[in-house]
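Residues or ranges marked as domain 'CMP/dCMP-type deaminase' by TrEMBL: A:1-116. Annotation source TrEMBL lists Zn(2+) binding site at A:HIS44, A:CYS67, A:CYS77. Here TrEMBL flags A:GLU46 as active site, proton donor. The annotation NADP(+) binding site is assigned in TrEMBL to A:ALA147, A:TRP163, A:THR189, A:ASP193, A:GLY256, A:ALA257, A:GLY258, A:ALA259, A:ALA260, A:ALA261, A:ALA262. The annotation substrate binding site is assigned in TrEMBL to A:SER161, A:ARG177, A:LEU197, A:ARG200, A:GLU254.
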Number of protein chains: 2
Amino acid sequence: MAAAIALSMRGRGRTAPNPNVGCVIVRDGKIVSRGWTRPGGRPHAEADALDGADAAGADVYVTLEPCAHESARGPACADLLAAARPARVIVAAPDPDPRTDGKGVARLRAAGIEVVEGVMADEARRAMAGFFTRLEKGRPHVTLKLATSLDGQVALPDGSSQWITGPEARAHGHVERALADMIVVGRATVEADHPTLDVRLSGLGNRSPVRAVLTHDWSNFSKLDLRAEQPDWRHLPSPEAIRDLEGIDYLLVEGGAGAAAAFAGADLVDRLILYRAPILIGRGLSALGDIGLGNLENAHGRWRLADSRMLGKDRFEVYERAS
Amino acid sequence: MAAAIALSMRGRGRTAPNPNVGCVIVRDGKIVSRGWTRPGGRPHAEADALDGADAAGADVYVTLEPCAHESARGPACADLLAAARPARVIVAAPDPDPRTDGKGVARLRAAGIEVVEGVMADEARRAMAGFFTRLEKGRPHVTLKLATSLDGQVALPDGSSQWITGPEARAHGHVERALADMIVVGRATVEADHPTLDVRLSGLGNRSPVRAVLTHDWSNFSKLDLRAEQPDWRHLPSPEAIRDLEGIDYLLVEGGAGAAAAFAGADLVDRLILYRAPILIGRGLSALGDIGLGNLENAHGRWRLADSRMLGKDRFEVYERAS
């Protein structure tokens, strides 16, 4: 299942509104076929894995319950699997989409195929967080990225921030971009840095996500300048406007302090990624602006450490929404 | 040797100007006696361990080269050890004090006792950092403590900071106080918080260190107020004034942002301890004021991660001066 989850990440950021599923077919302890949801959402992972493979009598590992609904773009995966006659189907997470929601598993069992549920369900949900957030909250999954010094500064007072973190952390930041459907920055960041927000990693250049600017603080800013400079960028009038986005399941907020605080203050951050360099800056620019925190008690209990490791000399930490 | 180093920590913060040494005597794989430098610096760890113990033919582990100089307060430890006729003396770190500086080891070898040097020398030096810093730099060893949110804030805009970190981290902060000879805070912290800076841990109440206030920013502040409120506090006119302190080998700077920045800006911080709570604060008070950093390049290469672990929900990190 861990292999299936890793495969599912290949589609992350390019399959919305379909979930980025992974699938592995195993016979006699060997992987005989692999599949993942392809860009645009089709084929589904199961169809991709079954294509050209003989699954009869094999074990099929799939990160999400196989869908039970046909569409113009293909048959239901539960039917495809039933026809392939595997011995067992091992499922990580149930599919809450009302068109499936248990029907996929029921259809497989009705066809006489053994089904095992809940294997590495948490890990699978994390890998497909955008799909689940969309279904459960009606909006994309939001990651907020902060790259700071040990004392929480993101730049010197003059705005210079090249470089706080090292090459390993910056490369990791580009992987995070490649796993997003859309990147958002604030107005001030566009004005100050004129960022391109593309994915500068060998082989992943074609994965640069849709770019957007948070325009909620549009005063003193010329839309014409931006439109001339970044004609293909989208405009978000507020953090809440992400609820209206279509085809965007994974959103990465890259800063600056105003945009980061706008999303955090609106309680719209699901995942916080921190890159911390072993340096002190002192007087500089803080990572976050006003998030409307009235007292310290309200700050607690919101974040749970999900990952922590070194990237070169920098520490990388992931915090997830605790509730 | 690890046991001897742990014992050495019992004297830390109370033996200056003598080093806080630890000593263990081992016969047939069993510890038969232990010793550590007692408060006030006497007896030395070796004399403490040898007192009442038969070391003939045994292995003696000591964290610092035995001293070669007699004093009015006792004989040289090298002579004490030579008379006790152990089979071997295992030494962690050499003693750079010119009165010893290899003479202790030479005297043991001249007496026909085998000496092994350099066992866990780095760990021993770290445990006796105050002694080495005093000899090598002519000033106390300085630890700077910062307790922050994930975004590097130490308080809300109104100054409230109770509580950012949890009970485990706060208890650890009191252990750090007990291991210091002196605690320093800034003027603004005294005015705002009226801190007592005592050690509030069961059994360690008698270990509260000397307290001092950094008065370098004395404008708008009434000395009389402080003298009335904290009559036993010392006054440091500047970070550089720590060079004139006698009997202080371990100094802990607890903040606030001004005092922390004054020590960091003067390059007088040897060890940085960070307590980071899993919360976001946003607009608040940053941990550090102006440290005079001209460009980001100068910030790099100064700190090396020495420890990282969880204390309850908070992360504790130790950085040491890299050069």
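Any Cβ shown, glycine's included, is placed from N, Cα and C.
Remember, TrEMBL labels are computer predictions, not curated facts.
Model, not experiment: these values are computed from the prediction.
Shown on the structure are the features that TrEMBL records.
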{"residue": "A:HIS44", "record": "Zn(2+) binding site", "CB count, 10 Å": "29"}
{"residue": "A:GLU46", "record": "active site, proton donor", "CB count, 10 Å": "28"}
{"residue": "A:SER161", "record": "substrate binding site", "CB count, 10 Å": "22"}
{"residue": "A:ARG177", "record": "substrate binding site", "CB count, 10 Å": "23"}
{"residue": "A:THR189", "record": "NADP(+) binding site", "CB count, 10 Å": "22"}
{"residue": "A:ARG200", "record": "substrate binding site", "CB count, 10 Å": "13"}
{"residue": "A:GLU254", "record": "substrate binding site", "CB count, 10 Å": "24"}
{"residue": "A:GLY256", "record": "NADP(+) binding site", "CB count, 10 Å": "26"}
{"residue": "A:ALA260", "record": "NADP(+) binding site", "CB count, 10 Å": "31"}
{"residue": "A:ALA262", "record": "NADP(+) binding site", "CB count, 10 Å": "23"}
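DSSP assigns A:GLY258 (NADP(+) binding site) to a helix in the three-state reduction. Annotation note: A:ALA147 (NADP(+) binding site) sits in a strand segment as assigned by DSSP. Of the listed binding-site residues, namely A:CYS77, A:ALA147, the sparsest CB environment within 10 A is found at A:ALA147.
If you take the C-beta of A:LEU197 (substrate binding site) and look for same-chain residues 6 or more apart in sequence within under 8 angstroms, you find A:ARG177, A:ILE183, A:VAL185, A:SER208, A:PRO209, A:ARG211, A:GLU254. Checked against A:CYS77 (Zn(2+) binding site) by C-alpha proximity, the binding-site residues A:SER161, A:GLY256, A:GLY258, A:ALA260 yield A:ALA260 as the nearest.
With A:ALA262 (NADP(+) binding site) as the anchor, the candidate recorded positions are A:HIS44, A:GLU46, A:CYS67, A:SER161, A:ARG200, and the one with the nearest CA is A:SER161. Per-class residue totals from DSSP over the domain 'CMP/dCMP-type deaminase' (A:1-116), listed helix then strand then coil: 29 helix, 30 strand, 57 coil. Comparing CA positions across the binding-site residues A:CYS67, A:GLY256, A:GLY258, A:ALA260, the one lying closest to A:ARG200 (substrate binding site) turns out to be A:GLY256.
Of the listed binding-site residues, namely A:CYS67, A:GLY258, the sparsest CB environment within 10 A is found at A:GLY258. Taking every pair among A:SER161, A:ARG177, A:LEU197, A:ARG200, A:GLU254, the residues recorded as binding substrate, the greatest CA to CA distance is 19 Å. The two recorded residues, A:GLY256 (NADP(+) binding site) and A:SER161 (substrate binding site), show a Cα separation of 11 Å. In this entry, A:ALA147, A:TRP163, A:THR189, A:ASP193, A:GLY256, A:ALA257, A:GLY258, A:ALA259, A:ALA260, A:ALA261, A:ALA262 make up the residues listed for NADP(+), with the farthest two CA atoms of the set 25 Å from each other. Cα of the residue listed as 'active site, proton donor' to Cα of A:CYS67 (Zn(2+) binding site): a distance of 10 Å.
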